[in-house]
Amino acid sequence: MRTDALNAALRLLLVCALAASRAPIAHGPNLRTIASPCGSNPTANTTTLLSVISSGDQLDDDNIGLSRSRGGGLLAQIPGSGSFPSWNRRSMSKARVYADVNVLRPKEYWDYESLTVQWGDQDDYEVVRKVGRGKYSEVFEGINVNSNERCIIKILKPVKKKKIKREIKILQNLCGGPNIVKLLDVVRDQHSKTPSLIFEFVNSTDFKVLYPTLTDYDIRYYIYELLKALDYCHSQGIMHRDVKPHNVMIDHELRKLRLIDWGLAEFYHPGKEYNVRVASRYFKGPELLVDLQDYDYSLDLWSLGCMFAGMIFRKEPFFYGHDNHDQLVKIAKVKVLDFVFF
């Protein structure tokens with residue numbers, strides 16, 4: 001059982017690696033249409049999970065390194081990597097699935113800068129205790145004083161208004177999706193104008209405590225639940241861009257998983273160049289480490305593969321680099337094929 005699980009983990013990691021770094025550019029297959037669960041979103045294209053795992057950028061010899069301004073490609077320093085000429089001849093990448101979701105939808109679906117936020121009443125909520133903090137927010141357990149129900153209050157630190165609007169718009173678009181944390185309300189302090197997002201409460205266990213106790217079946221179950229969340233958000237034209245254990249809440253008693261923290265999420269548009277300063281280092285896809293800006297949904301699948309491998313091998317994080325350069329070296333040194341067939 002353990003050997004089968006190990007092989008399965010490494011096969012998925014290999015597929016994710018290939019998807020993120022070597023998959024050819026292609027249009028997605030014929031897609032079936034599903035309706036949005038909230039009723040307000042336009043319909044979206046979706047396909048099988050296997051197709052999503054297979055999605056990715058084209059990364060060939062012409063685009064695998066860094067720009068010349070940074071002193072050549074990182075992989076040129078790795079023995080056996082060879083040289084990579086013709087740096088600027090790479091054609092733009094395009095996702096193999098869900099590529100045209102936002103192209104086919106009206107502008108108001110993805111134009112978050114035009115969003116008019118409907119603010120709720122801050123007095124409806126009280127803070128109980130602090131449960132976490134991040135670069136852009138502080139997180140508290142709270143209570144709705146009207147219903148006496150527990151909730152999570154995410155108080156945002158000073159950031160650009162469009163970043164706040166982007167997170168709110170994405171959460172609204174994903175409303176009701178499988179294993180997506182539910183946004184209940186958006187409130188703002190009347191004096192400081194500090195915004196807060198109100199989420200459903202998840203009684204989660206710290207992953208450092210939970211993961212070592214999980215059985216092979218538990219790991220398969222939760223990875224599948226996470227795949228459902230990612231498949232749904234990708235089918236809605238959205239990349240999460242920060243998949244990691246800290247952002248996957250698990251209530252093991254209820255066997256409930258929620259993908260949280262959509263602050264770095266973004267709408268996918270074919271050919272658009274995105275910021276590579278996203279995701280946490282240990283879960284960054286190779287495209288981010290070599291400054292490839294026209295990435296797509298496959299970025300999230302690489303991060304999931306790193307999580308999966310870490311859970312199986314009880315090694316967290318699975319790729320432990322001291323900086324972006326070392327992170328890429330650590331990835332390149334893993335001889336995945338040696339393990340897949342042992």
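Glycine residues also receive a Cβ, built from the backbone N, Cα and C atoms like all the rest.
Nobody curates TrEMBL annotations by hand; they come from automatic prediction.
Note that this is a predicted model, so its numbers are computed, not measured.
Under the heading ATP binding site, TrEMBL lists Lys154. According to TrEMBL, the feature domain 'Protein kinase' maps to 125-342. TrEMBL lists 1-28 with the feature signal peptide.
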Quiz item: So what sits near Lys154 (ATP binding site) in its own chain, CB-to-CB under 8 Å and at least six residues off in sequence?
Solution: Ser137, Glu138, Val139, Phe140, Ser196, Leu197, Ile198, Phe199
Self-check item: Three-class DSSP secondary structure - the residue listed as 'ATP binding site'
Solution: strand
